[in-house]
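Peer 1: Okay, so Swiss-Prot annotates it like this:
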type    : residues                                                                 : note
BINDING : GLY39, VAL40, GLY41, LYS42, THR43, LEU44, GLU194, THR195, ALA196, GLY197 : ATP binding site
BINDING : THR43, GLU194                                                            : Mg(2+) binding site
BINDING : THR72                                                                    : substrate binding site
BINDING : TRP374, TRP375, TYR482, LYS655, GLY689, ARG787                           : (8S)-8-amino-7-oxononanoate binding site
BINDING : GLY436, SER437, ASP626, SER691                                           : pyridoxal 5'-phosphate binding site
MOD_RES : LYS655                                                                   : N6-(pyridoxal phosphate)lysine
REGION  : 28-283                                                                   : region 'Dethiobiotin synthetase'
REGION  : 316-820                                                                  : region '7,8-diamino-pelargonic acid aminotransferase'
Amino acid sequence: MLRLLRHARRHSTSSSSSAAAAAVPLTSPAFAVFGANTGVGKTLVSAGLVASLLASPSPSPSTVAYLKPLQTGFPDDSDARFVFDRAPALLRRLRLAGGGASTRLVASNHTLFPSPAVDPLPERQDTVVNYGGEEGVEEKALVCRTVYAWREPVSPHLAAEREGMPVEDEEVRWLVDRWLAEEDGGGEVWKVLETAGGVASPGPSGTLQCDLYRSSRLPAVLVGDGRLGGISSTLSAYETLLLRGYDVGSVILEDRGLSNDRFLLSYLRKRVPVHVLPPIPEDPKDDLTDWFSESSSAFSSLKDSLQSFHSRRVQRLNSMQRKSKYLLWWPFTQHDLVPVDSVTVIDSRFGENFSAYKVKDKTIVPQFDACASWWTQGPDSNLQIELARDMGYAAARYGHVMFPENVHEPALRCAELLLGGVGKDWASRVYFSDNGSTAIEIALKMAFRKYACDHGIIVDSEKDIRSEGSVHFKVLALNGSYHGDTLGAMEAQAPSAYTSFLQQPWYSGRGLFLDPPTVYIKNKSANLSLPPSIMHDQLSSCDTCFSSLTEVFCKTRDTSSAANVYVSYISQQLSQYAMSNNSEHIAALIIEPVIQGAGGMHLIDPLFQRLLVKECKNRKIPVIFDEVFTGFWRLGVESASELLGCFPDISCYAKLMTGGIVPLAATLATEPIFEAFRSDSKLTALLHGHSYTAHPMGCTAAVKAIQWYKDPSTNSNIDLDRMKLKELWDSALVNHLSSLPNVKRVVSLGTLCAIELKAEGSDAGYASLYASSLIRQLREEDNIYARPLGNVIYLMCGPCTTQDSCTRQLAKVHRRLQKLN
C-alpha cells in the first residue's frame with residue numbers, strides 16, 4: 001500500500017488518473033469525519049472512535065486505518081500523529097476498565113507527501129504495544145497516514161500556493177480510492193478519513209472538500225459545534241452534505257452548556273443519531289486522558305450507531321437485485337432474459353459514472369455510463385453539484401406553480417436562452433411540456449394547424465373548417481425514425497418493432513415514409529449507402545466515398561450529382577402520393593436531424609435532409625425537427641440544424657436541455673406558426689398541456705445546463721472559434737474500429753460513437769441478442785455500463801466529458817472487439 005501511494009503522483013497528475021476504477025469493498029465500514037467548522041474536535045472524535053473500535057469485544061475490527069488526506073501546520077500539527085499517540089493509550093485504559101482478552105497492537109504513522117517547506121522531515125513511526133488480559137491474545141493494527149502535508153497553518157489552498165506544492169483534485173481522489181480499496185489481510189477493517197476544516201473548506205485546488213470527496217461518497221460523521229452559533233453552523237453543514245448526496249451516519253458534538261445538543265436532538269430526530277460529548281478541558285496542559293475516559297460511552301454509542309448504519313446499508317443493497325425482479329416493470333426489457341444477478345444496483349452517480357454495487361463481491365465500483373442514462377445526461381461532476389443546488393433553490397422558492405397566463409423567472413429565462421440558442425434566427429415562441437414524446441405531439445398539432453390555414457382547409461378569422469370529415473392529415477417522415485411512445489407520436493413514425501401490433505394495436509402509420517440514404521465509417525473512410533428506392537446510376541465514387549465526415553456536411557454538395565438524384569426522388573415520391581391519395585394531405589415533415597437514435601444510430605445524409613426540408617418549404621409543408629435526442633451539443637453543436645444548414649418551422653427539445661437531471665421539454669415555433677392559433681375564440685387556442693408545464697425546477701435546471709454547456713470557462717470542450725465541441729472520440733481509434741472484420745459500420749459524431757456489429761438474419765436488428773456477451777464483459781470486467789440497440793453498441797458521453805475519458809472507454813471497446821474476432 002505504501003509503495004503504491006508513494007508512486008501515485010506519477011500516475012495521477014491529470015484527469016486521466018481515474019483510468020483504473022477502484023472497487024471499494026463494503027465488507028467493512030468506512031466513514032468520513034466532517035466538521036461543522038474548524039476547531040470543533042474532529043481529531044478528538046477520530047481518536048476516540050478509533051480507540052473504541054480497537055477496544056471492542058469480539059467480533060471487532062482487527063485493523064483500523066486512519067487517513068488524513070490534507071494536513072496544514074505540519075509537523076507541529078499532525079492529526080494522524082495525535083491519533084497514533086492517543087489511541088494506544090486510550091486502548092490501554094479501556095482494556096484495564098473492561099478486562100477481556102490480551103491484546104497486541106501494532107501501530108504505525110507515516111506522511112507520504114510533505115511540502116518542500118516542511119523541515120525537518122518527520123520519520124515514520126512504528127510501535128508495538130501489549131495489553132495484558134485474562135484470555136488469549138488478540139492481534140490488532142492501527143495504520144495512520146497523512147497524504148499531503150504543508151508547513152503553514154492555513155487553508156490547504158493557500159498553503160499549496162505559498163509552498164509551491166499544488167495538488168489536483170483527481171490526484172487526491174485517486175489516492176483516497178486506492179486507500180479505500182486496500183484490504184489489509186484477513187479480518188474486519190474499519191476506515192476513518194478525517195477532512196480538514198469545515199464541510200465547505202477548500203482543498204488544495206480550491207475545490208470545496210464536500211465536493212472533493214464526493215466521488216467516494218463515504219457516509220459522514222458530522223462533528224457539530226457546541227459553541228454560540230453552533231446550531232446554525234451544524235445544520236448548515238448537515239444540509240450542505242445532504243445537498244451533495246452524502247449520507248450522514250451520525251452527528252456528534254461537545255456540550256458547551258448552551259443546550260445546542262438538546263436543540264439538535266429535537267430538530268434531527270428520526271433523521272440521524274446525535275451523540276453528546278462532555279465539555280473539553282480548556283487547559284492546554286491537560287492531556288485529555290480523563291476526558292477521553294469520561295467520553296468512552298459516547299464514543300461507544302457512536303461506534304454502535306455507525307455499525308448499525310453500515311449494516312442497514314449493506315443489507316438493503318444486498319436485497320435490491322432480488323426485490324427489483326418481483327416489484328419493478330422495466331421498460332424495453334424482457335424480464336425473462338434478465339437473470340437476477342445481472343441487475344445493476346446503482347448506489348449513486350458522480351459525473352459520468354455510476355457507483356454500482358456488486359452483490360457477489362460486496363463492492364462499490366465506478367461504471368462509466370455509456371448510455372448517458374438513456375441519452376439524457378450532460379453534467380460532469382461540477383455541473384451535477386450546481387444543478388442540485390439550483391434545483392433545491394427553485395423547489396424551496398416556488399415548489400410548483402401553474403403556468404397558463406402566468407410567468408416566473410425560471411420559465412422566462414429558459415425561454416430567452418432557448419430562443420437565443422437552439423432557436424436563434426428562426427424561432428420566436430416556446431411551448432413547454434413534460435417530455436420529448438409530448439413535445440412531438442404538440443409539434444404535430446402546430447404543424448397541422450399551420451398547414452390547414454395555408455391551404456384553405458381552415459378559412460376566415462373564426463377558423464371555420466371546410467369539409468372536416470373528408471380531410472385526412474399525414475406526415476412525411478423517414479423509415480427508421482422514432483419520435484416517442486405516445487400514440488400520436490407513434491403514428492408519425494414508420495412501421496417498426498416499436499409500432500407492431502404487439503406494442504400498439506391502434507397503429508396505422510399515418511404518413512409517407514421515405515427510405516433515407518445513410519453515411520457510415522468503414523475502413524477509415526466515410527461511405528454513402530443508398531437504398532434501392534433511390535436510383536444511383538448517375539453517381540460516381542466521389543459522390544459516395546469521402547475522406548472524412550467534414551466533406552459529408554459540406555454545402556458544396558448541394559450542386560452535386562447526388563443532390564440531383566435526391567431532388568428527383570423526393571419530388572417523385574410526393575407527386576405520386578398526392579395523385580393516389582386525393583383526400584389525404586402531407587401536412588408536416590418530421591425528421592430526426594442527422595442522427596436517427598432508437599432506429600439504430602444511423603447518420604442520415606445531411607444533403608438528403610436539407611433538400612427534403614427545402615422541397616417541403618416550397619410546398620408550404622411545415623417542417624418539424626425532432627431534436628429531443630440530437631439537441632444541445634449531442635452531435636457536437638448546440639442544434640443539429642447547424643449541421644444541416646437549414647432551419648425548421650417547429651423543433652422539439654428535451655433530454656440534455658436540463659442536464660438530464662429532471663424531465664422537461666420545449667417545442668419552439670416561428671411566429672407564423674403561433675399566428676395560426678390566434679383568434680377571439682378559446683377553442684382555436686392550442687389546447688394541449690399538463691399539470692407540470694414549465695415547472696420551476698426543470699426550467700431552473702435548463703437555465704443552468706444551457707449556459708454551462710456553451711461557456712468555455714465551465715466546459716473546456718468548447719472550441720470558441722467555431723462554437724463546436726472538440727473532437728471527443730480519438731479519430732485514429734475510430735478508424736481502427738471501422739477496419740475490424742466484425743464491425744459493419746461506425747458512426748462517430750459529437751458525444752456519440754456507435755458501432756454496428758456484423759450479423760446476419762435474427763442476429764441483426766433490434767431484437768438481436770448478438771451483442772449480449774460483449775455487453776456483459778463491458779459491464780462486469782471493463783466497468784462500462786453499455787446497453788445495445790440489437791447488434792448496435794454505442795458509447796455516449798456528455799458535452800463536458802474529457803477527451804481522455806472518452807479515449808479510455810473507446811480503447812476498452814476496441815480491445816473487446818479485437819478479442820471477439
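Glycine residues also receive a Cβ, built from the backbone N, Cα and C atoms like all the rest.
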Peer 1: Sorry to bug you, but what's the C-alpha spacing from ASP626 (pyridoxal 5'-phosphate binding site) to ALA196 (ATP binding site), rounded to the closest Å?
Peer 2: 49
Peer 1: Same chain only, sequence gap of 6 or more: which residues have a CB within under 8 Å of the CB of GLY436 (pyridoxal 5'-phosphate binding site)?
Peer 2: GLY484, ASP626, VAL628, PHE629, CYS652, ALA654, LYS655, ALA665
Peer 1: What is the one among the binding-site residues GLU194, ASP626 whose Cβ has the most other Cβ atoms less than or equal to 10 Å away?
Peer 2: ASP626
Peer 1: Residues with Cβ closer than 8 Å to the Cβ of GLY39 (ATP binding site), same chain and 6+ apart in sequence?
Peer 2: none
Peer 1: Nearest to TRP374 ((8S)-8-amino-7-oxononanoate binding site) by Cα, among THR43, GLU194, SER691 (binding-site residues)?
Peer 2: SER691
Peer 1: For ARG787 ((8S)-8-amino-7-oxononanoate binding site) and GLU194 (ATP binding site), determine the Cα separation and express it in whole Å.
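Peer 2: One finds 38 Å between the Cα atoms of these residues.
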Peer 1: What number of additional C-beta atoms lies within 10 angstroms of the C-beta atom of THR72 (substrate binding site)?
Peer 2: 23
Peer 1: What's the CA-CA gap between GLU194 (ATP binding site) and THR72 (substrate binding site) in angstrom, rounded?
Peer 2: 13
Peer 1: Using Cβ atoms only, which residues of the same chain lie under 8 Å from TYR482 ((8S)-8-amino-7-oxononanoate binding site) while being at least 6 residues apart in sequence?
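Peer 2: Looking at Cβ-Cβ distances below 8 Å from TYR482 ((8S)-8-amino-7-oxononanoate binding site), excluding near sequence neighbours, one finds GLN493, SER496, TYR498, GLU592, GLN596, GLY597, ALA598, GLY599.
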Peer 1: Beyond the listed site residues GLY39, VAL40, GLY41, LYS42, THR43, LEU44, GLU194, THR195, ALA196, GLY197, identify every same-chain residue whose Cβ lies within 8 Å of the center of their Cβ atoms for the ATP site.
Peer 2: VAL33, GLY35, THR38, VAL45, SER46, ASP79, VAL223
Peer 1: Would you mind ranking the binding-site residues LYS655, ARG787 by how many other Cβ atoms sit within 10 Å of each Cβ and giving me the lowest?
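Peer 2: With the binding-site residues LYS655, ARG787, fewest surrounding Cβ atoms within 10 Å: ARG787.
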Peer 1: Taking the Cβ of TRP374 ((8S)-8-amino-7-oxononanoate binding site) as the centre, how many other Cβ atoms fall within a 10 Å radius?
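Peer 2: That number is 14.
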Peer 1: In the three-state scheme derived from DSSP, which category covers GLU194 (ATP binding site)?
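Peer 2: Reduced to three states, the DSSP call for GLU194 (ATP binding site) is strand.
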